[in-house]
Amino acid sequence: MRTDYCGLIDKKYLGQTVTVKGWAHRRRDHGGVIFIDLRDREGLVQVVIDPDTPEAFKLADSSRGEYVLSITGIVRERPAGTANSKMISGEIEILAKEIEILNAAATPPFQIDDENLSENVRLTNRVIDLRRPAMQKNLRLRYKVAMGVRNHLDKQGFIDIETPMLTRSTPEGARDYLVPSRVHPGEFFALPQSPQLFKQLLMVAGFDRYYQITKCFRDEDLRADRQPEFTQIDIETSFLNEDEIMDITEGMTKEIFQDVLGVTLPTFPRMTYGDAMFYYGSDKPDMRVALKFTELTDVMKSEEFKVFRGAADMANGRVVALRVPNGASFSRKEIDDYTQFVAIYGAKGLAYIKVNDVTKLNEEGLQSPIVKFLSANGLKEIIARTGAQNGDIIFFGADKAKVVNEAIGALRIKIGHEHGLENGYFVKEWRPLWVVDFPMFEHDEEEDRWTACHHPFTSPKPGHEDLMATDPGKCLARAYDMVLNGWEIGGGSIRIHRADIQEKVFGALKISPEEQQNKFGFLLDNLKFGAPPHGGLAFGLDRLVTLMCGAESIRDVIAFPKTQRAQCLLTNAPNAVDDKQLRELNLRLRQKAEPSA
């Protein structure tokens, strides 16, 4: 029987006979004495095997990396000068008396401590990859976060209730994963994009406080913070307003950071969506970066410079400046690199002014190809509004507001992370905030219709109900997002609890009464049976843990993730199925799967 984990054997076991089990992490032969570092989920312990125990020595000699071993021996102090203070077991070693090889191992595709691996190699050999201490640490932290959520919500009176994984397809922004029904030919289930409607119905049913940690599915293009299946911490409450819901979830987040990381988070400030877009070009601003936009659209309406004037006169145009302290030292190559970077977001160029002498608002004091095209008053306004000092650089964005916000917003983050620490406009701290007062709708220019910013079940702010019909663009929602270091880790809203208001929202979205009844009849019908005011919030567990681990991708905090092409390299999923299975489901393929390489 195992005495304890390898990584937990310490001086309290001195002189005792212990049994440890794990993997041979490293084997060394030093002058006739064999050393094996035995590894399990808690870490390593050093085992010494000398020739005085011939049977154990023989088995140790035949062992190789990743062999699974059971070792019994006596715990003793390491010789002077060989202790490792970074390990719990670093002051002791085990003098082996018995060794049992529980299983041999083929040579692994890479060394467990190899850090220079491509992601494809790691994901193809995910089981071996998961043996690496970094991955063990990440998944242990994920477990602690999930337990922290459960413990906190349990204390707050929330009930864990499961909702269906097979449900009907309803539009929620992304494509559904569809599951054909064998029993009902020609009909399909959908895997849930979220438990949204079911959790609202649980509030109508009177459960008052619900939560679950559940899988959700979205068939969308993937990025570093996206997976086709992801884990959501889903929360819903009755009879609470947005302030009360934000207080509960903020308290939960603070408690988790304190318990798991030993970090005390500050009170979460609140920022309107309008301010977030105005100053940072993003609804999830990274507040570690102190750089802000300076609005210049009004100034440029009076200028002759076509690039700026054209954007300023555009219906949805915007002109902003981004002042970077000490940025005048940026090289031509750096500026060219930034120009290429903003082009990713649709920017056609990146104008700039290097400020050499603020007392000379001309080409002598301001270094830039665009200075000669701007009036003295325009230059004066730029310097005054940005607060530029000698040695600064000012970058400009001029285009449709969407392009400017995305391009200059991304540039703000990039420069902040690359140069902010040494120049005082970046802090290595946790900077959470709430973003509130989101628009209820956004206009889809391609389809020329209004769409829901969050989802169509979000309640409008009191007094904004009539705007849904008269001026949807000015209608604000009772929605709120929790943002941490530039990542949206949670989003929620107060829901619509009256059927007549829900029907008005559907009407604003051009969903006909027939379509409303077909897709959402079960919701509308039940809202009429005395639905309480209710609201909630959903956290992305994967994103939250990624931030807490300092990982580069959510794939580093998920045991068996998909690639950016929505494939599992370990199991080669998705895969083609045989014709018999298709016939049973009454399906015929229009396009056959390509043969595997």
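Cβ atoms here come from the backbone N, Cα and C positions, even for glycine.
Quantities reported herein were computed from a predicted structural model and do not represent experimental measurements.
Annotated ATP binding in Swiss-Prot involves Arg218, Asp219, Glu220, Glu488, Gly540, Leu541, Asp542, Arg543 plus, out of the candidates Gln212, Gln227, the residue Gln227.
Looking at 8-11, 196-199, 232-235, 440-443, the range tied to region 'Aspartate' in Swiss-Prot is 196-199. Across the structure, Glu488 (ATP binding site) and His454 (L-aspartate binding site) are spaced 13 Å apart at their Cα atoms.
Taking the binding-site residues Glu220, Glu488 in turn and counting surrounding C-beta atoms within 10 angstroms, the largest count is reached at Glu488. For the pair His30 (site 'Important for tRNA non-discrimination') and Gly81 (site 'Important for tRNA non-discrimination'), the C-alpha distance works out to 17 angstrom. Listed in sequence order, the residues of the same chain lying 6 or more apart from Arg218 (L-aspartate binding site) and placing their CB within less than 8 Å of its CB are Ala174, Arg175, Tyr177, Gln193, Arg226, Pro228, Phe230. In this view, Leu541 (ATP binding site) is surrounded by 24 other Cβ atoms within 10 Å of its Cβ, with every protein chain counted.
Checking each of the recorded positions Gly81, Glu220, Leu541, Arg543 against His454 (L-aspartate binding site) by C-alpha distance, the shortest gap belongs to Glu220. Distance from the CA of Arg495 (L-aspartate binding site) to the CA of Glu220 (ATP binding site) is 25 Å.
Cα to Cα, Arg543 (ATP binding site) and Gly81 (site 'Important for tRNA non-discrimination') are separated by 43 Å.
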